[in-house]
Each structure stands twice: as structure tokens, then as C-alpha cells.
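Residues or ranges marked as active site, thioimide intermediate in Swiss-Prot: CYS56. Annotated active site, proton donor per Swiss-Prot: ASP63, in sequence order. The feature substrate binding site is assigned by Swiss-Prot to LEU78, GLU79, SER80, HIS97, GLU98, with sequence analysis given as support.
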Amino acid sequence: MSKTPRKSAASPSLQLGQAVEWPDRPEAAKLDRVPNPQKDTHFLARFTAPEFTSLCPVTGQPDFAHLVIDYVPGPWLLESKSLKLYLASFRNHGAFHEDCTVAIGKRIATEIKPKWLRIGGYWYPRGGIPIDVFWQTGKLPKDVWVPDQGVQPYRGRG
């Protein structure tokens, strides 16, 4: 049984359930939001992107990261297909690790206006040095449990 995609005031044209082209750069990517049916309840939502890629802005070589995005929703939830497309748009985007991580966190916060958001960018080593980048919007609401992001410190092959 096929359903017609629902449209909402939040995202009148959701990408979910539609054939869409992959955005070629982050600025062209659309992040969709949907109403939060539990907006009066504090809870944590987590997205994990273990195979995030972007390009070094100097060498053009690929960089790889494990991203963990935690947020306490306000009136909106982040729609996961649009997040996948947004993150994939960085594949041919040249930026330093810090810029990619913080820009992603800020863009999501702007779009969905969460009560709290944190992003951890765990970048795989280039030149022998892993870079971990963390950004958050402010104080976590007191009644929310936030588990550890679960990414072990890089230990090499040994």
C-alpha cells in the first residue's frame, strides 16, 4: 500500500518519500523539520554518522569523521533523510574539520530550534593526528539523560 506523502506547515515539501537529487554543496542542501508530537516532554534524540566525509581545503584529499549529534527537541524534529542528504553534500566540500563540525551544528540548531544540541566530530587521523571537535548550544535541561557519545579515543593500530 502506497501512501501519499504528508505535507506540513513546517516543511511543505518534505524530501522524505520523494526522489530527490543529491545536493552538491552544503548551501544547496535542504534540512526538513517535522512537528514534535512530544514537544512538552524532554527527551534526547541522537543521530550517528560513522562515515562522514569532506575534503581538505588545501590538498583536496578526503577527510573522514564519525559524527554524533545529540539534541533535545523543541517544537521540531529533524527529519533523517534530509539530514543524510545534507551530510552527504559535504563529500565534495572543502573545509577544515573544525569548520565542518561547527557549521553542521549551527545549521541544525538554526533550522529546528532545539532546547539543546551538541555535536561531536571525531575525525580520523591525517598526518598522524586525530582531531576531535565539540560544539553545543548552551545548558542541557536538568531532567535529560545524555549517554556518552560512545566513540573511543583514537589508539592507532596497537
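Numbering starts at 1 and runs along the chain as it is shown here.
Cβ coordinates come from backbone N, Cα and C, glycine included.
Feature map: Swiss-Prot annotations on the structure.
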{"residue": "CYS56", "record": "active site, thioimide intermediate", "CB count, 10 Å": "14"}
{"residue": "ASP63", "record": "active site, proton donor", "CB count, 10 Å": "21"}
{"residue": "LEU78", "record": "substrate binding site", "CB count, 10 Å": "22"}
{"residue": "GLU79", "record": "substrate binding site", "CB count, 10 Å": "21"}
{"residue": "SER80", "record": "substrate binding site", "CB count, 10 Å": "12"}
{"residue": "HIS97", "record": "substrate binding site", "CB count, 10 Å": "20"}
{"residue": "GLU98", "record": "substrate binding site", "CB count, 10 Å": "13"}
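Rounded to a whole value, the Cα-Cα separation of CYS56 (active site, thioimide intermediate) and HIS97 (substrate binding site) is 8 Å. In this record, substrate is bound by LEU78, GLU79, SER80, HIS97, GLU98; the longest C-alpha to C-alpha distance in that set is 24 Å. In space, HIS97 is the closest of the binding-site residues GLU79, SER80, HIS97, GLU98 to ASP63 (active site, proton donor), judged by Cα positions.
Under the DSSP three-state reduction, the residue listed as 'active site, thioimide intermediate' is assigned to coil, being neither helix nor strand. According to DSSP, HIS97 (substrate binding site) is assigned to a helical segment. Under DSSP, SER80 (substrate binding site) is assigned to a helix (H, G or I) in the three-state scheme.
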